[in-house]
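Everything below concerns the one structure shown next.
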Amino acid sequence: MQYHDQFDVIVVGGGHAGTEAATAAARMGMKTLLLTHNIETLGHMSCNPAIGGIGKGHLVKEVDAMGGIMAQAIDHAGIQFRILNSSKGPAVRATRAQADRLLYKQTIRHTLENYPNLQLFQQACDDLILEGDRVCGVVTQAGIRILSKTVVLTAGTFLNGLIHIGMEHYRGGRSGDPASVTLAERMREMPLRVGRLKTGTPPRIDARSVDFSQLQMQLGDDPVPVFSYLGKPEQHPRQVPCFITHTNVQTHDVIRANLDRSPMYAGVIEGIGPRYCPSIEDKIMRFADKDAHQIFIEPEGLTTHELYPNGISTSLPFDVQVQIVRSMKGFANAHIARPGYAIEYDFFDPRDLKPNMENKCLQNLFFAGQINGTTGYEEAAAQGMLAGINAALRAQDKDPWAPRRDQAYIGVLMDDLSTLGTKEPYRMFTSRAEYRLLLREDNADLRLTPVGRELGLVNDERWAFFNHKLEMMAQEQQRLQDTWIQPQHPATEGLNKILKTPLSRPASLEDLLRRPEVNYQDLMAIEGVGPGIEHPQASEQIEIQVKYAGYIDRQQDEIDKQLRHEETLLPLDLDYSEVPGLSKEVCIKLNDTKPQTIGQASRISGVTPAAISILLVHLKKRGLLRKSA
């Protein structure tokens, strides 16, 4: 049965990757179809009810800078906002928000249902339509064939999903949703490298059964931050506290006594779990010297009693889960509303992807999200947007786009995945970015909004807002440079109160702001100096640019040197075993990965600088030295 319409882009899956992929393609004017097995679960938070965090918040800001929907959704659904690492340098500061799970899902669905160029269709995808090595559509569970110029696959944990609670297991994409078995088996017949990963989630607790007087309260920040560059605090719903408790010796004894009933330790689960979000069983075994682990008690929403105990993800049997929960302070009489579980699922080796997220073997097919071996809503959203952008470009026969490592965390993410691959669920951290001083949360718009506008992702409202901010910053930066304070100036008395050493010679406001003990707000509060600009994001960027100018310039110099050969293209049909001088090990790794650029090749483990020099000489001799567009 043929569907009555054809599309430029079909997105399979309505999670965090799928929704960003679909909206990105639609913003670029593409006729887009979002295919989901259940419209009711669009934007559903399968695990923790939160957005952001170290490295993750940076990704959300980058998606927002290019017009994505995640940041604006959490601004309308966030019930607690905090800036993490607020006392540290600007490179590692990150926004994190607790979400009302239901409100977030409702916001995403409302956004999608009212998005121009985007249609929703509730059908599971069972197959891809192929013409040779080219994908040209999908086949649904009901046998409906839908044609499209490109397909973006964002199936999350649904491909051959297997849920484990103790020794019991059953098929599922997540709790309450069916696994995608037919599509998974069909994908295994294609020329794709497939592996298994696992992730898990903790039991949910009924708040009415918890003694909060025994817990430590954790409040959000005041003033309340926003996530989107267009966000306003008044968009936030009512703010609520989180709480903290700890595991203890009794908890750990219960877990150790029941490890033989853990599917992970009994060898039932084959997939590798996330290193940086381990199960409570893993924590107890890996950190055997610790008598306690901190557990964050997070509300699931304003209209539910469910709590999310962040830190006790487990696949132990239900009776053991009850013992674990009730051993913690404040939880002696706790009622578990939903048991925790682990889920195994298929993923595809991301080294089989080009940097633009298109599969190397199958044209017009793009992968995004957990099927690429990542973990986390934010990593999925970033990949989804990039895949949606490039599916739209491919549908228009335009050149692909992928950010470099020095341009965006999205670039770091995709370069790591497509070059190095992953054997465990990949999570973003600021430590993964060598140029993190330039890739801050505060300047994601400066880095990516102009690119987004050029690609057709940024609408007039966002573009006008961005340019107004640039104007304000330019005018204020000029004022700071041109305004000088003399030692005898009336403002000096107030100024000396915040300076470590009194002002003894003329200084510009920019010079004063460069001092570590002076911040922009304090400087503007001095009579005769202010009022300055009230836009908090603009003033923050001005202060960072002034204080860190030397470090930023030095890092930019490093980037300029690195870029000399970073984008030199490598022929995809190059047989590295025929390049004289390369070791057998290097040849195997290069032939296995097929890097697209010298930059990618240089980041493959075992490929030495000497090997890169040999490659460059080989390319030059054969007249193959050329840069990517």
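Just so you know, glycine gets a Cβ as well, placed from its N, Cα and C.
Summarising the annotation, Swiss-Prot assigns FAD binding site to Gly13, Gly14, Gly15, His16, Ala17, Gly18 and lists sequence analysis as the type of evidence. Taken from Swiss-Prot, the feature NAD(+) binding site applies to 273-287.
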Work through the binding-site residues one by one (Arg275, Cys277, Ser279, Glu281) and name whichever has its CA nearest to the CA of His16 (FAD binding site). Cys277
Compute the C-alpha separation of Lys283 (NAD(+) binding site) from Gly15 (FAD binding site), stating it in Å without decimals. 29
Within the same chain, the residues at least 6 apart in sequence whose Cβ is under 8 angstroms from that of Met285 (NAD(+) binding site) are Leu259, Tyr265
Tell me the Cβ neighbour count for Gly13 (FAD binding site), meaning other Cβ atoms within 10 Å of its Cβ, over all protein chains shown. 30
Through the lens of DSSP with three states only, how would you label Ala17 (FAD binding site)? helix
Identify, in sequence order, the residues in the chain of Gly14 (FAD binding site) that are 6 or more apart from it along the sequence and have a CB within less than 8 Å of its CB; answer 'none' if there are none. Leu34, Leu35, Thr36, Asn38, Ile39, Thr41, Leu42, Gly43, Leu112, Leu120
Just name the winner among His16, Arg275, Lys283 (the binding-site residues) by count of other CB atoms within 10 A of its CB. His16
By a three-class reduction of DSSP, Lys283 (NAD(+) binding site) is assigned helix
Other same-chain residues whose Cβ falls within 8 Å of the Cβ centroid of Gly13, Gly14, Gly15, His16, Ala17, Gly18, the recorded FAD site, in sequence order: Val11, Thr19, Glu20, Ala21, Thr36, Gly43, Thr154, Gly156, Ala368, Gly369, Ala380, Gly384
Measuring Cα to Cα, tell me the gap between Ala17 (FAD binding site) and Glu281 (NAD(+) binding site) in whole angstrom. 29
Nearest of the binding-site residues (Gly13, Gly15, Gly18) to Gly273 (NAD(+) binding site), judged by Cα-Cα distance: Gly15
Given Ser279 (NAD(+) binding site) and Gly18 (FAD binding site), what distance in Å do their CA atoms have, once rounded to a whole number? 27
